[in-house]
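Chemist: Before I ask anything, here is the structure I am working with.
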């Protein structure tokens with residue numbers, strides 16, 4: 001039978017979210033309809049979501065074929081290894097005393113996972129654009145805005161293979177000046193501009 | 001009447017201050033630019049600029065953001081006519097007749113009628129917002145909690161029903177959004193919900209992070225995956241003056257477009273793109289020149305362009321009078337207001353007269369500015385298209401990163417954005433429409449509050465929702481809307497309309 005894969009996975013996504021939500025909601029007191037506790041609205045929301053997910057899943061068997069884009073074998077491998085690396089690295093990094101503040105464990109773990117995903121061509125653009133954001137987050141506090149921004153642009157530039165070094169350099173210079181003018185000179189946001197040692 | 005004039009005079013006083021004029025112009029310019037550029041829409045841009053508005057006074061911030069929304073409607077038509085390239089969803093139908101007109105050597109006339117029609121529609125819609133605002137506010141003040149709950153439910157359902165793609169999936173996305181809105185501290189008991197002990201989540205998920213991740217960054221990744229097409233301008237703009245014959249044909253279309261656009265803009269879930277589709281369908285059936293459709297009929301440009309601009313402005317009515325966002329852009333406006341510490345609702349007209357009347361008057365001023373920005377400067381805007389995307393996306397990313405960080409000065413928000421970008425990317429691969437999610441996220445917490453209050457007042461009796469007449473009618477409309485869209489015949493019609 002030819003199912004609508006997009007609807008099928010949409011249904012699974014909604015069902016998973018509803019299931020996890022209902023499970024987490026067990027911690028909250030429901031209260032009564034008259035005096036609703038913190039768990040009442042979540043309970044209703046996630047039950048509705050569960051129902052909708054089931055309907056979407058059911059419809060996927062009848063709504064005609066609509067398959068997902070083909071995944072290469074490497075895409076599967078890097079996705080699962082990437083998620084595994086992120087989840088595995090987080091507690092390890094969090095155990096290092098020097099890295100406990102400023103969400104470093106989360107940032108570095110994300111960076112490692114995205115790095116793994118960037119190996120396969122199917123995820124490269126996604127992974128590099130997001131790695132650019134992540135490296136910005138990691139560097140911002142100690143490295144300052146200028147360094148973090150330059151790193152973001154360099155990493156993200158790899159997502160487009162037509163970028164040339166000179167063009168990226170031009171991009172960095174232009175955006176550093178623009179962002180300094182907008183965010184530091186005009187808006188005066190509180191952030192280190194240059195590296196702190 | 002006198003009061004209306006006094007209020008408008010007050011509004012013009014606010015809108016004509018130097019700062020507000022400057023930011024209305026800035027918003028209109030940015031809006032035109034992103035309207036011209038395909039691949040970045042008003043939702044992404046407004047979420048990008050949300051953090052920047054943080055330091056501005058509320059009125060100035062909203063004036064600028066509104067300028068972006070209606071500016072985008074003007075800009076979108078330019079590339080649609082000259083290059084057959086819709087810069088925005090709302091100008092998709094403009095390509096149908098507009099580009100044909102350009103092929104026939106009447107590009108100038110098409111651009112002129114698009115701009116003039118938009119200006120006329122914008123002016124009418126502005127008056128409509130001014131007149132209906134206080135009126136609707138009075139109605140809204142008689143609403144009880146139960147009525148509010150039903151109104152929001154109606155808004156949610158209609159925004160899902162009118163979204164592109166499968167209705168049931170869109171309803172799923174709305175509820176998904178409501179679910180995301182649950183994260184944070186429960187207002188009445190102070191208990192933490194779904195925060196996993198993360199202190200940053202006790203105020204809820206970051207609205208700007210969701211909007212930027214799902215609409216801004218996911219969009220960048222998708223654009224990078226698509227091969228880039230560069231269009232070269234080959235058509236000449238030609239004379240901008242309309243012939244007598246063209247005036248005669250276009251005028252009734254502009255009037256009809258203004259009417260239908262204003263109506264569809266007020267509707268919850270409506271907005272600019274729905275209005276332009278609606279007007280195009282109407283012109284194809286009703287206008288005198290309908291035989292010429294497909295060969296460059298001026299009615300097919302005049303109507304939809306007037307309609308999308310009218311709708312872009314009347315969609316502010318439910319927001320300003322009831323505090324209910326009717327589409328994703330308006331959900332962002334709610335976000336902007338809440339960041340400013342203003343709870344949108346019926347009391348806004350009274351408590352924030354500067355904001356309400358200033359915004360209305362600045363809309364009209366902004367429309368006049370856009371007329372000047374657009375017609376003589378068209379060549380400049382088309383040049384903008386020659387900037388390759390590979391130089392644009394690092395700039396968008398940089399602004400996203402700094403912007404989202406600066407809201408709370410916390411890198412956790414940057415990582416939140418990364419997470420929502422992945423989610424947004426998944427949504428688009430699964431053909432799940434993200435706009436209803438944003439509306440659900442904004443309305444969810446308000447709905448919970450009104451539901452609790454209503455149930456407390458009725459002593460736990462849910463029949464209050466059908467016993468109160470206002471609430472009952474609203475629920476009936478919601479049920480009808482949902483039921484009708486599930487019928488196969490109507491669904492096909494909607495698909496046809498959405499496909500243009």
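The backbone N, Cα and C atoms fix where each Cβ goes, glycine too.
Just so you know, TrEMBL annotations never went through curation; they're auto-generated.
Small disclaimer: the values here were computed from a predicted structure and weren't measured.
So TrEMBL lists the following for this protein:
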- B:21-438: domain 'DUF112' (DOMAIN)
- B:20-41: transmembrane segment (TRANSMEM)
- B:48-72: transmembrane segment (TRANSMEM)
- B:108-131: transmembrane segment (TRANSMEM)
- B:151-183: transmembrane segment (TRANSMEM)
- B:204-224: transmembrane segment (TRANSMEM)
- B:259-280: transmembrane segment (TRANSMEM)
- B:319-343: transmembrane segment (TRANSMEM)
- B:355-379: transmembrane segment (TRANSMEM)
- B:391-408: transmembrane segment (TRANSMEM)
- B:470-490: transmembrane segment (TRANSMEM)
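Show me how these features fit into the structure around them.
Modeler: For the transmembrane segment (B:20-41), same-chain residues at least 6 beyond its ends with a Cβ under 8 Å from one of its own Cβ atoms are 14, 49, 56, 59-61, 63-79, 85-89, 91, 215, 219, 223, 358, 362, 365-366, 369-370, 373-374, 381-382, 384-385, 389, 392, 396.
Note on the transmembrane segment (B:48-72): residues 14-15, 19-20, 23-32, 34-35, 41-42, 87-88, 122, 207-208, 211-212, 216, 272, 309, 312-313, 316, 329, 332-333, 335-337, 339-342, 352, 354-355, 358-359, 362-363, 366-367, 370, 396, 399-400, 403-404, 406-407 of its chain, located 6 or more positions outside it, place their CB under 8 angstroms from a CB of the stretch.
Outside the transmembrane segment (B:108-131) by six or more residues, the chain places 4, 7-8, 11, 70, 73-74, 77-78, 81-82, 94, 97-98, 101-102, 237-243, 246, 250, 253-254, 257-258, 261-262, 265, 298, 301-303, 305-314, 316-317, 320, 357, 360-361, 363-364, 367-368, 370-371, 374-375, 378 with a CB less than 8 A from a CB of the stretch.
Within the chain carrying the transmembrane segment (B:259-280), a Cβ under 8 angstroms from the stretch's Cβ atoms is held by residues 69, 73, 88-94, 96, 121, 124-125, 128, 154-155, 158-163, 300, 303-315, 317-318, 324, 326-327, 329-330, 439, 497-498, 500, all 6 or more beyond its ends.
Only residues 6 or more beyond the boundaries of the transmembrane segment (B:355-379), in the same chain, are considered here, and those with a CB under 8 A from a CB of the stretch are 7-8, 10-12, 14-16, 20-21, 24-25, 27-29, 32, 58-59, 62-63, 66-67, 70-71, 74-75, 78, 82, 111-112, 115-116, 118-119, 122-123, 125-126, 129-130, 133, 237, 240, 309, 313, 316, 320, 342, 348-349.
Same-chain residues lying 6 or more positions outside the transmembrane segment (B:470-490) and placing a CB less than 8 Å from one of its CB atoms are 142-144, 146-147, 149-151, 153-154, 157-158, 161, 167-168, 171, 464.
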Chemist: So if I exclude everything within five residues of the ends of the transmembrane segment (B:204-224), which remaining residues of that chain have a CB under 8 angstroms from its CBs? That is, six or more out.
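Modeler: Same-chain contacts beyond the flanks: 39-41, 43-44, 46-48, 50-51, 180-181, 183-185, 328, 332, 335, 338-339, 389, 393, 396-397, 400, 403-404, 407-408, 413, 416-425, 427-428, 434, 437-438, 441-442, 445.
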